[in-house]
């Protein structure tokens, strides 16, 4: 059985990155998030995502990777906004695109 290298979930976008590259990715992802958030209409703008705090579990200062990833995934998904027509959730910039084609269900 082949073991995958440990991956860390980005708390901003929810994607997985290697333990070495996450520290490079997060500042770039946050900058992109700010740029995209500033382009949204005021009513769709979101508060800045906060990096989840997970306590170290060993004397050497290691983190519980599963707990860290769970907290990051929850943080990333808390930014989703529901469509006021169908209720599906989207990132705010994708909600605008979705709403162009979302139609209320016809009454039976």
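The backbone N, Cα and C atoms fix where each Cβ goes, and this holds for glycine too.
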- Which stretch does Swiss-Prot mark as zinc finger, out of 49-78, 79-108? 79-108
- Spatially closest candidate among 10, 13, 25, 29, the listed binding-site residues, to residue 102 (Zn(2+) 2 binding site) (Cα to Cα): 13
- Around the Cβ of residue 86 (Zn(2+) 2 binding site), the count of other Cβ atoms that are within 10 Å: 13
